[in-house]
Structures are given as structure tokens and as C-alpha cells.
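Undergrad: If you scroll down you'll find the structure; I have some questions about it.
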Amino acid sequence: MHEENHPDMNDATAAILHGPKDVRIERRPLPQPAAGEVLVKIGAVGLCGSDLHYYAHSENGPNVLRSPTALGHEAAGTVMAGDGPLAAGTRAAIEPAIPCGRCRACRTGRYNQCPHGRCFGSPPTDGALTGYLTVPAEFAHPLPDDFPLTSGALIEPLAVALHAVRRGNVTAGDRVLITGAGPIGLLVLQAARAVGAGETVVTDVNPGRLAHARRLGADRALDTSREPLPQDPAFDIALDCSGIESALTAAAHAVRPGGTVVAVGNPPQPRTTLPLAWMQRQELTLVTAFRYAGEFPAAVSLAATGRIDLESLVTARFPSNVRRTPWRRRSPTPHSSRSSSSREPWPPERSVPEPWPPEQSSPEQPSGPERPPSVSHPSQWGSCPDVPDARSRPAPPRPPAPAGCPRPTTTAAAGCTAARPARPPPSS
């Protein structure tokens with residue numbers, strides 16, 4: 001994450017990637033918000049694994065750097081101006097994936113599957129390392145006034161974790177396996193515990209990451225290079241956050257008959273082999289998870305109430321005018337998660353509201369920071385070159401809640417418990 005200094009309000013300092021390991025500090029004109037957009041002064045940016053792939057190879061999966069681009073999609077800052085319900089001075093976490101708002105995926109609430117959108121920090125769309133961003137008002141999520149911007153930048157990966165937990169339908173009492181104790185795995189662990197999961201077991205081969213998992217509340221943290229996964233009782237749900245084929249296979253063999261496996265981590269190769277015959281006999285449910293679709297408000301609420309520890313994932317802080325150190329540095333601790341910097345006092349002082357999610361016996365869902373009403377006019381949304389009028393469109397609908405789980409108006413309910421059949425006893 002990066003500290004920003006802006007002596008000239010007509011332009012801003014930007015860290016621009018020109019090619020492999022070629023980051024240059026440049027001045028860019030200050031962007032001007034269009035109708036339905038807000039101008040956000042960036043206060044903190046997280047460096048994700050995808051950013052490191054772009055830095056090292058100028059590509060990340062199918063996305064290739066073809067022109068100089070500013071990276072950074074995990075970001076938070078302060079609203080400076082614009083056309084929307086957020087007042088100047090409001091702290092906001094930025095939802096970086098901006099959909100078209102028009103296609104079938106957007107209309108059905110699965111806007112994370114929009115084929116026409118853009119994402120800040122994914123070439124050719126500049127990201128938050130420009131210092132200022134113009135953001136559709138619907139995608140600038142308000143934070144409490146005393147919420148540290150370093151934690152605000154990590155709302156994005158927390159939303160990834162909440163989406164994975166929701167896709168797996170983790171509910172109270174579930175025995176949950178999490179393979180991979182990187183940043184997403186550690187956030188999935190906390191999200192699963194927040195919705196009431198029973199026993200949580202985390203696996204990895206990195207002792208430092210496993211120690212971090214224990215500190216965050218894992219009931220067991222296993223080094224699978226030294227000890228096997230427990231097989232009895234079997235797990236109800238396994239979430240693979242590593243993307244490694246062997247870990248996904250182990251997860252499939254560790255869940256009970258009729259259990260669920262969630263593929264969360266991005267595989268390093270385009271094809272992955274799965275034990276399909278075993279999964280078929282066991283009638284396992286394989287679920288995949290990509291980004292998020294409506295989880296940002298719930299992520300803000302969980303972090304603001306202290307139910308999720310984001311600050312412990314920050315292992316380093318750098319100013320924005322550093323060209324090489326954040327990219328080349330290796331954390332002295334083996335559980336390095338995110339690089340970060342901030343001008344705020346550390347640790348920050350903040351009040352802690354009522355806990356969220358509520359106890360399972362409570363029928364009501366408390367809300368986090370109030371979500372502003374949708375702007376009354378169309379926003380300037382993601383690029384969609386094959387749709388002529390793709391520049392102005394209404395906000396996408398929020399995804400529907402699971403059956404039996406009414407969604408509150410201001411906060412996506414990551415901890416809801418929809419009715420589902422009773423679990424069978426573990427096989428002997």
C-alpha cells in the first residue's frame with residue numbers, strides 16, 4: 001500500500017508499469033469525475049499476487065500488458081468531489097471490477113461474470129497507483145470515519161473470501177477445511193468462523209502462515225508435508241485457496257459423502273485434473289468462486305465491527321514514490337501477505353460497534369455503515385466496445401439472497417443461514 005503526496009492539485013504522482021520490472025514514477029493529469037462518478041484520493045493500495053505477476057512478466061493469466069498501465073486494485077481513499085451521495089471527506093473502499101450493467105450476467109445479479117467490464121489495475125485500465133481514481137459512485141463503499149485506510153484497501157480480498165464462503169453455503173456448525181494459508185485462505189478462515197462454522201482446519205506447507213492461521217483462530221493448522229489430513233470425521237465443506245491441483249484433490253478426498261468442495265484459488269495452469277470418479281461416487285458438489293458479487297457491504301461491516309482482523313495481514317508499508325522496493329522485497333516473516341503504507345497513526349484508535357453477524361438465534365441482521373441510495377442518473381461504467389450505448393446504464397441488481405434468507409437493504413448478509421437438508425452422520 002502506498003502513501004500519497006499531492007502538492008499540485010492539477011496532476012498526481014503515478015507508478016506506471018512499462019514492461020517487466022520496469023516501474024516509472026510519472027505525473028498524470030488529475031482525472032475529472034463524470035456524471036455519477038466520484039473522485040477518490042487514494043490513501044492505501046494493497047499489492048496482490050496478480051500485481052507481482054504483471055511486474056515480473058507483464059501478464060497475469062489471459063491479461064497482457066500492451067501499454068503503460070498503473071497497477072493496484074485493492075484500494076481505499078477519501079472522496080474529494082463528484083456526482084453522487086457520498087459527501088466530500090467520506091472514506092471509501094473501492095470495488096475495482098466495474099461491470100457493463102447491461103448484459104445478462106449483470107441483469108441477473110452475477111455481475112462478476114460480466115464479459116464487457118473493466119477492472120482497475122488490469123491492463124489497459126489504470127489502477128489505484130495513479131494516486132487519484134474516478135469511480136462510479138455505486139462502487140465507492142463508505143467506511144467509518146475512524147476506519148484505517150490500510151484496512152480499507154483489504155476490503156477487496158475480504159469480499160473475495162466472503163463470496164467463497166457464501167458460494168460454499170458455509171453455515172453454523174459446519175466442519176470446514178481450508179487448504180492454503182495465504183491472504184485469501186486466512187480471510188476465508190475468518191469469514192467461515194464469523195458465520196458460525198464449527199471446527200476449522202487449515203493446511204499449508206509454510207510454518208509461518210500456519211502459525212498466523214492459529215493466531216486467527218484455526219482449531220488446527222497442519223503442515224501437510226509432515227502430517228496427513230484427518231479423515232474421521234470427514235469435513236462438511238472444503239475450500240481450496242491455493243489453486244494447486246494436489247491440494248484440490250486432497251480436499252475432495254477429505255469431505256464427507258454429499259459434501260462440498262469450493263475452488264477459490266487461481267490455478268497456475270489452464271487445465272486441472274480432478275478425481276471425478278471418486279467425486280461422482282461420493283456425490284460431492286464442486287463449486288467455483290470468482291471475485292465477488294454484492295459482498296462489499298458485508299465485508300465493510302465485518303471489518304468495522306472487529307469480527308475480521310485485516311491489519312495483521314499487512315506486513316510492510318511503502319511510500320508511493322518507491323520504484324522497486326515494494327516489488328522486490330521479501331518479508332522477513334514467512335507469512336507475508338500484503339505490502340502496505342499509510343500516513344495514519346499506527347495502530348489507529350477506533351470504536352467498535354455491535355458485533356456482526358448476530359448470534360444465530362437473532363432473526364435480524366444489523367447493518368454496517370449505511371449504504372447510500374443509488375444515484376438517480378446513469379453512471380459512466382465499464383468499457384463495452386461491442387455495445388454502442390455502453391457508457392450510460394443503471395446500476396446492476398444485487399444478487400438474490402439464498403432461499404430462506406432475506407437480504408437486508410444496506411448490508412449483504414454473508415452470515416445468513418438458508419434452510420437445507422440435515423446432514424447425514426459421518427460415515428464409519
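Positions of Cβ are set from backbone N, Cα and C atoms, glycine also.
According to TrEMBL, the record shows the following:
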- 35-145: domain 'Alcohol dehydrogenase-like N-terminal' (DOMAIN)
- 183-304: domain 'Alcohol dehydrogenase-like C-terminal' (DOMAIN)
- 324-428: region 'Disordered' (REGION)
- 333-344: compositional bias 'Low complexity' (COMPBIAS)
- 348-360: compositional bias 'Pro residues' (COMPBIAS)
- 394-405: compositional bias 'Pro residues' (COMPBIAS)
- 406-421: compositional bias 'Low complexity' (COMPBIAS)
Undergrad: In the domain 'Alcohol dehydrogenase-like C-terminal' (183-304), how many residues does DSSP assign to helix, to strand and to coil?
TA: 46 helix, 28 strand, 48 coil
Undergrad: What is the three-state DSSP composition of the domain 'Alcohol dehydrogenase-like N-terminal' (35-145), stated as helix, strand and coil residue counts?
TA: 22 helix, 41 strand, 48 coil
Undergrad: Limited to the domain 'Alcohol dehydrogenase-like N-terminal' (35-145), I'd like the whole-number average of pLDDT.
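TA: Average per-residue pLDDT within the domain 'Alcohol dehydrogenase-like N-terminal' (35-145): 93.
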